[in-house]
Amino acid sequence: MELIAREMAPHKRVALVAHDNMKTPLLNWVMRRKEELKLHHLYATGTTGTMLGKQAQLLITCLFSGPMGGDQQLGALIAEGKIDVLIFFWDPLNAVPHDPDVKALLRLAAVWNIPVATNEATADFIMDCPHMRQAFSVQIPDYAGYLKARTE
């Protein structure tokens with residue numbers, strides 16, 4: 001598939017997600033990075049977003065809870081080019097009933113070439129990157145070209 005450029009604005013659209021055992025570590029990270037996160041547009045799955053919004057006093061667009069379809073909603077936003085960065089504190093030691101949704105979410109993040117952090121260290125690397133505060137161009141699949149070639 002051919003690639004095209006997609007321009008990310010200086011204010012990124014950041015998705016925040018955490019499995020149940022990782023909600024407190026994500027909250028602690030968000031509290032530590034709160035002032036920087038305020039510069040961006042924040043999205044989160046339902047339970048995580050509600051908790052972060054209340055505790056960190058941040059404006060967050062909340063989707064459904066992950067097991068109720070929130071991971072899939074987030075995947076759709078990624079595919080539509082409406083999410084720039086995914087911060088996903090997942091629990092590598094415990095399986096969740098919606099593991100297929102989680103795998104699909106991570107797959108879409110890879111397909112659409114968005115940065116993904118699955119732990120605190122990587123999240124810090126992403127937040128400290130100069131590209132988080134400036135416009136940045138990424139290469140993404142040319143879906144319009146793909147569709148045109150498949151339907152001609």
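Keep in mind that glycine also has a Cβ here, set from the backbone N, Cα and C atoms.
Cross-referencing H98, H131 against the substrate binding annotation in Swiss-Prot, which names H19, K23, T45, G46, T47, T48, S65, G66, picks out H98.
Rounded to a whole number, the distance between the Cα atoms of D71 (active site, proton donor/acceptor) and S65 (substrate binding site) is 8 Å. Residue environment of T47 (substrate binding site) contains 19 other Cβ atoms, counted within 10 Å of its Cβ in all protein chains. Counting only residues at least six positions away in the same chain, the Cβ atoms of G66, P67, D71 sit under 8 Å from the Cβ of H98 (substrate binding site). Looking only at the binding-site residues T45, S65, the densest Cβ neighbourhood within 10 Å occurs at T45. According to DSSP, S65 (substrate binding site) sits in a coil region rather than a helix or strand.
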